[in-house]
C-alpha cells in the first residue's frame with residue numbers, strides 16, 4: 001500500500017542517480033543488521049536496553065533487493081553495522097548475498113568480541129575493511145565504559161584479524177577524565193599492529209546526551225595534545241570523508257571524526273538503513289521512512305523523497321539511540 005508521502009511524490013520525476021539539491025551524491029549506505037549488542041557502552045545504550053522483536057528485522061532477500069535498487073542509482077559502498085552485526089543469526093547468509101552485488105567496497109563495523117568466528121566468511125566475501133570499537137586498553141576502564149569484561153578477547157581477535165591481512169581501523173570515543181589519558185598508548189598499539197586509529201568526539205545522540213557536555217573533548221584539543229609528542233603530516237582524503245587523517249612521526253596513521261565541532265554534513269554522501277527497514281537520510285535526524293513492506297516502485301519514489309530530507313547543516317541533538325540506527 002502506498003503511503004501518503006509516496007502518493008505526493010508520484011507527481012515528481014525520478015532521477016537515475018541519487019543527487020540532492022546541494023549536489024551531494026549518495027554513494028554510501030550504512031546497513032544495520034541488528035539492534036542487539038553484547039556490550040553496554042554508556043554513551044550508546046542503557047544497561048537494560050530493550051531490543052526489537054527479530055520478526056521485525058529485514059530479511060536477507062529484502063536487504064538484497066533494497067541494496068540492489070540503490071546500486072542501480074549509483075550506490076558504491078555498504079558498511080554493515082548494528083548494534084553488533086556479528087550477532088545477527090543469519091549473518092553468513094546476508095554477507096554472502098550482499099557480497100554477490102556489484103559494490104566497490106563492503107565494510108564492517110564491530111566490537112570484535114566474536115570476530116574470530118566470522119573471519120573466514122568475511123574474507124571469502126571480500127569484506128576486508130573492518131572498523132573495530134576500542135575505547136580503552138585498560139581492563140578496568142574498558143569495563144566501566146562497556147559494562148563487560150572482554151577486553152582480552154577483543155585484543156586477541158584484533159591481532160588475529162591483523163595477521164590475516166584485514167584492513168583495520170580502530171574507533172575510539174574519547175571522553176574527558178575517562179579514557180583521554182590513553183591516547184598515546186592507543187596510538188602506539190595501533191601502529192604496532194599496523195592499524196589506523198580514529199578518535200571520535202562523543203555525540204549528542206540518544207543516551208549519550210546525558211554525558212556529552214561533561215565528557216566532551218574536541219578533535220582540535222586532542223590534535224594539539226598529540227602534536228606535543230609527534231610530528232604530524234596531513235593525509236589528503238576524499239571530500240566526503242568522515243575523518244581528517246595524519247601520518248605520525250612514530251610511523252602510524254591517526255584520524256579524527258569531529259562530528260560535533262567540525263560537522264561534515266555539507267559533503268555527506270551517506271544514508272542509513274535500520275534493521276526494521278527505516279531508511280534515513282541523516283544519522284542526526286529522527287525522521288525516516290520505513291520501506292520494509294513497500295514494493296520496488298514505491299521504494300523508488302521514497303529514494304527521491306529522501307534526497308530532500310538530508311540537511312545541509314548539522315541538526316541539534318536527537319533522541320533516538322545510536323544502536324537503533326546503525327551508528
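Including glycine, each Cβ sits where the backbone N, Cα and C put it.
Among the features that Swiss-Prot reports, GTP binding site is placed at 30, 79, 109, 169, 270, 271, 272, with the record citing sequence analysis. According to Swiss-Prot, the [4Fe-4S] cluster 1 binding site annotation covers 37, 41, 44, on the basis of sequence analysis. Positions annotated as S-adenosyl-L-methionine binding site by Swiss-Prot: 43, 83, 133, 203. What Swiss-Prot records for 265, 268, 282 is [4Fe-4S] cluster 2 binding site, and it gives sequence analysis as the kind of evidence. Residues annotated as domain 'Radical SAM core' in Swiss-Prot: 21-233.
Recorded features from Swiss-Prot, shown on the structure.
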residue	record	DSSP class
37	[4Fe-4S] cluster 1 binding site	coil
43	S-adenosyl-L-methionine binding site	coil
79	GTP binding site	strand
109	GTP binding site	strand
203	S-adenosyl-L-methionine binding site	coil
265	[4Fe-4S] cluster 2 binding site	helix
271	GTP binding site	strand
282	[4Fe-4S] cluster 2 binding site	coil
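Sequence-ordered, the extra residues of this chain that approach the [4Fe-4S] cluster 2 site, with Cβ no more than 8 Å from the Cβ center of 265, 268, 282, are 263, 264, 266, 270, 281, 283, 284, 310, 311, 312, 314. Reduced to three states, the DSSP call for residue 133 (S-adenosyl-L-methionine binding site) is strand.
Rounded to the nearest whole angstrom, the C-alpha distance between residue 271 (GTP binding site) and residue 265 ([4Fe-4S] cluster 2 binding site) is 12. Taking every protein chain shown into account, 43, 271 are the binding-site residues, and of these the Cβ with the most other Cβ atoms within 10 Å belongs to 271. Across the residues of the domain 'Radical SAM core' (21-233), the predicted structure has a mean pLDDT of 96. Annotation for residue 169 (GTP binding site): spatial neighbours 129, 130, 131, 132, 195, 196, 197, 198, 255, criterion Cβ-Cβ under 8 Å with sequence separation of six or more. Neighbours of residue 282 ([4Fe-4S] cluster 2 binding site) among the binding-site residues 41, 44, 79, 133, defined as a Cα within 10 Å of its Cα, are absent: none qualifies.
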